[in-house]
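First up is the structure itself, then whatever we jot down about it.
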Amino acid sequence: SHPQRPTSVRSCLLKNALFISNLFFTVMGLVVLGMGLWGLITKESFAQERIGHIGTDPMLVFVFLGLTLCLLCLMGCVGSLRENSCLLRLFSGAVLILVAAQVLVAIAAYSLQDQIVPVLRSGMLMAMVRYQDDLDMRFITDEIQMNLQCCGADNYRDWEMNLYYNCSAPGVQACGVPASCCIDPLENGTVWNSQCGVGAQQLVEFSAQSVIYLGGCLGGIARWIEQNKQLIGIVGIALLGVQILTLIVTTRLLDNIQWSKAISSQRDVES
């Protein structure tokens, strides 16, 4: 008697489940890729005078991650639809590595949570010191300050450590802050006003609060994490669960394919 061959219905369900999960992660990969390209375009990294330094642009990390995720999902889709065992093994191995890496990162983040704030502070201060001299640091700092509606690491007076915004520095920027600190950096709602933060450090807090954001970005990050703690946990667990489910489905589909091939080989020998 021959072993029972896996039903076509079960094989079809496994293929569809794997295809849907790969489609989900493909969308995520495209979003990450879009973020990277948006950053490169916003910073005008493709301009002729800057194209020579594009290899060191941190936005390339997002581009690389997005492309890698899309290619990985393409491998899973093709492997499932064509029942290619080699592609499916490569795909399951890559997913297993990703799951293990995420678990290790989560464990490290939990065990080192007391050191996260000092690391963020030192990184933010370094970005502020190199604000004018490093286009990437300026872009990241501006995006953080505008999206979190904050200014500086702890408060707006942190900008005094910058060579150009220091009150003893020559020039119009002395004792000022970047325009990304301003509550309304757009003049007449359309034109970017780069001088809106001029002299802000000389203002007392009562006067400055109508022009710039007084709170530091570390406090803004802490508040955002506290407000979205449950959502972050749910999303993280859901993503990890989908990846583990994808790994299980891929393994079952591989077993199904190998079982089908074994039955076919046995029947060919007997015939």
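Including glycine, each Cβ sits where the backbone N, Cα and C put it.
Note that this is a predicted model, so its numbers are computed, not measured.
For reference, TrEMBL has these:
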type	residues	note
DISULFID	CYS151-CYS167	disulfide bond
TRANSMEM	20-40	transmembrane segment
TRANSMEM	60-81	transmembrane segment
TRANSMEM	87-112	transmembrane segment
TRANSMEM	231-254	transmembrane segment
Among CYS151, CYS167 [disulfide-bonded residues], residue with fewest other Cβ within 10 Å: CYS167
Stretch contact, the transmembrane segment (20-40) with the transmembrane segment (231-254), Cβ-Cβ under 8 Å, 3+ pairs: yes
